[in-house]
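Participant: One structure, as structure tokens, below. Some questions next.
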Amino acid sequence: MTITARASLAGVIGWPVAHSRSPLLHGTWLKRHGIDGAYLPLPIRPEDFAVCVAALARMGFVGANVTIPHKEAAFALCDEVAPSARRAGAVNTLVFRDGRMVGSNTDGVGFMANLRAHGVDPAAGPALVLGAGGAARPIGAALLDAGVVVHFCNRTEDRAARLAATIGGGVIGWEDRAAALGDHALVINTTSLGMAGHQSLTLDLARAPAGLAVADIVYVPLETPLLAAARARGLRAVEGLGMLLHQAVPGFAAWFGVTPVVDEALYRVVAGDLLT
Ligand SMILES: NC(=O)c1ccc[n+]([C@@H]2O[C@H](COP(=O)([O-])OP(=O)(O)OC[C@H]3O[C@@H](n4cnc5c(N)ncnc54)[C@H](OP(=O)(O)O)[C@@H]3O)[C@@H](O)[C@H]2O)c1
């Protein structure tokens with residue numbers, strides 16, 4: 001649509017940023033709601049991050065998403081960080097307001113909203129989080145904050161132990177991941193295993209209880225080998241693209257003043273783009 005001189009401007013800051021589906025996602029919502037605004041890809045080098053973010057704010061941008069490798073730098077730069085960002089140790093959403101830069105992290109709420117959209121109650125029982133990287137932290141924190149018992153299980157066990165010491169939860173050895181399934185209601189792959197171009201995650205589901213829900217946050221491919229294996233066993237499977245869509249909702253609402261909906265049509269638009 002045509003934008004006017006009063007358009008609200010936002011975007012996604014990353015390096016690189018060409019792979020990001022956020023412009024398509026936010027652009028679809030802007031069009032759907034007829035909003036006078038634009039959401040742009042903003043490729044910014046790490047060494048330029050601070051000066052460029054300050055410039056965006058000075059230029060009247062309403063805010064931005066922040067992706068790899070800037071999430072920790074954004075955290076350090078904010079005038080104010082929401083509890084979600086403090087728990088995550090990283091910021092993925094910036095709002096420029098009254099000359100101040102406010103940061104939050106929407107990965108945890110996005111993950112939880114996607115679980116619920118798939119009919120999975122996160123509070124049904126303990127959760128086993130595979131991985132201890134950038135995505136494991138906000139997801140683990142969101143589960144812990146919802147009162148869920150969480151165990152982290154990572155190839156590098158020390159990293160899982162440090163994460164648990166920082167945000168809470170326990171640790172299970174990487175080699176024990178299949179045996180531990182029986183003690184959990186939910187298992188989440190937050191590693192990069194299963195992603196196109198990476199090895200598959202090896203997780204024997206033979207001993208998985210019938211009520212286990214299996215979530216994968218990897219969304220390229222949409223149906224990872226883990227999700228396919230879960231479905232083949234009749235287990236509930238929660239795909240990762242929904243998390244990406246749901247985590248975008250709070251930013252859009254803050255910048256453009258409309259709370260958008262994640263629905264089948266939006267899923268099809270972004271999923272279709274992933275297939276091209
Ligand atoms: N759906 C969404 O909205 C969403 C959001 C964020 C991220 N993601 C996806 O989540 C994945 C992880 O992202 P991230 O930012 O957390 O990455 P990250 O910080 O680099 O962490 C990678 C994790 O994967 C583990 N890992 C990597 N290679 C492994 C291997 N060969 N065997 C066992 N474990 C291995 C690492 O374990 P070590 O500690 O042992 O190295 C670590 O726990 C990516 O595929 C990303 O695209 C999706």
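Just so it is clear, glycine is given a Cβ too, placed from its N, Cα and C backbone atoms.
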Participant: Among Thr2, Thr67, Thr191, which residue does TrEMBL name as a further shikimate binder in the site formed by Ser20, Arg21, Ser22, Asn92, Asp107, Tyr219, Gln247?
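Facilitator: Candidate listed by TrEMBL for the same site: Thr67.
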Participant: Which one of Gly103, Gly240, Gly242 goes with Gly131, Ala132, Gly133, Gly134, Ala135, Asn154, Arg155, Thr156, Glu157, Asp158, Arg159, Ile217 at the NADP(+) site, as TrEMBL has it?
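Facilitator: Record source TrEMBL; matching candidate: Gly240.
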Participant: So the record assigns Ser20, Arg21, Ser22, Thr67, Asn92, Asp107, Tyr219, Gln247 to shikimate. If I measure every Cα pair among those residues, what is the longest distance in angstrom, as a whole number?
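Facilitator: Largest Cα to Cα distance for the shikimate-binding set is 18 Å.
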Participant: Give the helix, strand or coil assignment DSSP yields for Arg21 (shikimate binding site).
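Facilitator: It is coil.
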Participant: Taking each of Arg21, Asn92, Asp107, Tyr219 in turn, which of these binding-site residues have a Cα lying within 10 angstroms of the Cα of Glu157 (NADP(+) binding site)?
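Facilitator: Within 10 Å Cα-Cα: none.
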Participant: When DSSP states are grouped into helix, strand and coil, how many residues of the domain 'Shikimate dehydrogenase substrate binding N-terminal' (12-94) land in each?
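Facilitator: Its residues divide into 37 helix, 18 strand, 28 coil.
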Participant: By a 10 A CB contact count over all chains shown, which of the recorded positions listed here is most packed: Arg21, Lys71, Arg155, Arg159?
Facilitator: Lys71
